[in-house]
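Now, the feature entries from TrEMBL:
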| type | residues | note |
| --- | --- | --- |
| BINDING | B:ASP30, B:SER44, B:ASP75 | Mg(2+) 4 binding site |
| BINDING | B:ASP30, B:ASP75, B:ASP218 | Mg(2+) 3 binding site |
| BINDING | B:THR45, B:ASP46, B:ASP123 | Mg(2+) 1 binding site |
| BINDING | B:ASP46, B:ASP75 | Mg(2+) 2 binding site |
| BINDING | B:HIS53, B:GLU291, B:TRP337 | substrate binding site |
| BINDING | B:GLY122, B:ASP123, B:ARG148, B:SER220 | ATP binding site |
| BINDING | B:ASP221 | Mg(2+) 5 binding site |
| DOMAIN | B:28-138 | domain 'PurM-like N-terminal' |
2 protein chains.
Amino acid sequence: MGDLDESELLTVLTPPLPASPLEVVGNGDDGAVLAAPDGRYVVSTDVLVEGRHFRTDWSTPEQVGRRAAAQNLADVMGMGARPTAMVVSLVLPGSTPVAWVRGLASGLGQTCRRAGAGVVGGDLSAGDAVVIAVTVHGDLEGRPPVLRSGARPGDLLVHAGDLGSSRAGLALLSAGLDPESRPADGQARRCIERFLTPVPPLEAGPALAAAGASAMMDVSDSLLRDCGRIAAASGVLIDIDDPADDPADEARGAQDRRLAGARVALEPVAALAGETDPAAAARGWVLTGGEDHGLLATVPPGTVLPAGVSVIGRVHDPLTAPGVLVGSRPWEGPLGWDHFRA
Amino acid sequence: MGDLDESELLTVLTPPLPASPLEVVGNGDDGAVLAAPDGRYVVSTDVLVEGRHFRTDWSTPEQVGRRAAAQNLADVMGMGARPTAMVVSLVLPGSTPVAWVRGLASGLGQTCRRAGAGVVGGDLSAGDAVVIAVTVHGDLEGRPPVLRSGARPGDLLVHAGDLGSSRAGLALLSAGLDPESRPADGQARRCIERFLTPVPPLEAGPALAAAGASAMMDVSDSLLRDCGRIAAASGVLIDIDDPADDPADEARGAQDRRLAGARVALEPVAALAGETDPAAAARGWVLTGGEDHGLLATVPPGTVLPAGVSVIGRVHDPLTAPGVLVGSRPWEGPLGWDHFRA
């Protein structure tokens, strides 16, 4: 790629990228101009660094592109908005193959297209490692934004999307599985795919906002850590169902056994990854595995839940201080991913 | 800094950063919500990489922060908009001193405050080199955006801000001058300061848009390269005044001698930097030195120019093909900065 100048590189990058439905002026000037039909817009930004957020020996460039788009789109979803447009800054070493850059753009474009969002601009620089900085915008479609601070005692804690799958996929690859080796176990294969490309339930964001969610966020770090953020912002106590519960417990509704079901499904994967206590590992992955980019929300009791949304806990008065319990007991293990230390 | 976690680092970063006047929901959720009073907003993004766009042995962290903010704000200005809010993604090595991070935030905050813009969010990651990715937003205040494509034959080419100063400052530092050594020559001192912290004429953007500019952009790469972009987008021929002209030529108005004046002012600096032909070097810096982040525009004849704006050339019919002349003659030297190759 070292032979290409900036404008030649742009002819590789831009063709796979869709335009935004709200684009007034697209790429090619000092900035883009976007429409804001309801007089407001959501903005969020996320950066991915080679060797920290992805490895080029584990991920194809398409997977890296899909991941960069997905985790940013999920932040817009977490506000209850519909993603509309992103800008992408790329730092690329001169040794990056042109095919890698083309694949990255292709992955970005695929995920944006699926979400109905466009790419309206960006910047390029040379550097020693790949860095992908995305800023994404969303349209609230007339609804109030759903913040972390709106959870109220009596609300139900709900979730849509994957829990622990990405972390399980990481465990498999870290244990030496080749990402190309496609293990016979379907769940294991799915976990590796999810680690390489999270698939946020993008439709659930606007749907839960429309259904009346009181608080909402994208689960990027871990279920426990992000429940802690809602608890702190809302001044409530959140009691998460214990994934160690019996998933066949007849005393609870099917919707109430989501975390136990997730734990059970991950146990064989934990065994395959060489964990000595697969049940404990799978429980930990569900509670503290990050990067699934599922959607975490609280809803008033009686809310009709959109498809794909399950109840995973309850919101209570903060007896002494805001916080999080697991199965009504304090959690004493690690909380999960800290982006900066990682 | 390796001892701090993400939330501790945020307590260092956020206090110097102003809020945005258009902020509906600020930092602390998955995204910010900004007001778009006229139903549209401008968005632009720029990335700075340590060792490519700044050197930590040349620039203080405040200067790096001011530069990151200034070059992004200048892109919003180039559309004729008023900057309102930015998001900032930072990649920082674990070895970065906390004082450096505090200085960076302080510089960012100072320049944002001067422009009336706020910082409404961001992201942090560890990495091997400092990377600063900024996305900035602007308000068109009801005016149409000023694009690169609107220049018409008969228009005047105008400019506000520095030309060649940043490139001259780079030449001084590259020649071994210590940035702390503050040379006795006032112009040389000013060039070093401008290289370390460009000062875009932010007010000139909305002012020229309101005055009726037909095309406009921020000069980030070089006067010649960026005139070429306007010429190509507008399908015109742009004839730039030759900086080699006599700045005292009585046949031309004082406003028409801006480039010659800039060249004359840079000649002693070129000599100080060890250039064997200071006049030729200074002429080249004016035409091809990038990173000054001045404002380049075209205006219909008879336009009342805002303060600080000078005429530097003329727009003609593209006899055979769109392009750029210098003093009515073709330019055969280099065009200036290519961000990707740099």
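Note: Cβ is positioned from N, Cα and C throughout, glycine not excepted.
Those TrEMBL annotations? Automatic predictions, nothing curated.
B:ASP218 (Mg(2+) 3 binding site) and B:ARG148 (ATP binding site) are 10 Å apart (CA-CA, integer value). Cα-Cα distance from B:ASP30 (Mg(2+) 4 binding site) to B:ASP123 (Mg(2+) 1 binding site): 11 Å (rounded to the nearest whole number). Proximity note: of the listed binding-site residues (B:SER44, B:THR45, B:ASP46, B:ASP75, B:ASP123), none has a CA within 10 Å of the CA of B:GLU291 (substrate binding site). Sequence-distant neighbours of B:SER44 (Mg(2+) 4 binding site) (same chain, six or more apart, CB under 8 Å from its CB) are B:ASN72, B:ASP75, B:VAL76, B:MET79, B:THR135, B:VAL136, B:GLY138, listed in sequence order. On a Cα basis, B:THR45 (Mg(2+) 1 binding site) lies 13 Å away from B:GLY122 (ATP binding site).
Set side by side, the binding-site residues B:ASP46, B:ASP123 differ in how many other CB atoms lie within 10 angstroms of their CB, and the most is found at B:ASP46. Residue with the densest Cβ environment among the binding-site residues B:THR45, B:SER220: B:THR45, by other Cβ atoms within 10 Å.
Between the alpha carbons (Cα) of B:ASP46 (Mg(2+) 1 binding site) and B:SER220 (ATP binding site) lies a span of roughly 11 Å. Between the two most distant C-alpha atoms of the annotated ATP binders (B:GLY122, B:ASP123, B:ARG148, B:SER220) there are 32 Å. Summarised by DSSP class, the composition of the domain 'PurM-like N-terminal' (B:28-138) is 36 helix, 45 strand, 30 coil.
For the recorded site, B:ARG148 (ATP binding site), the DSSP three-state label reads helix.
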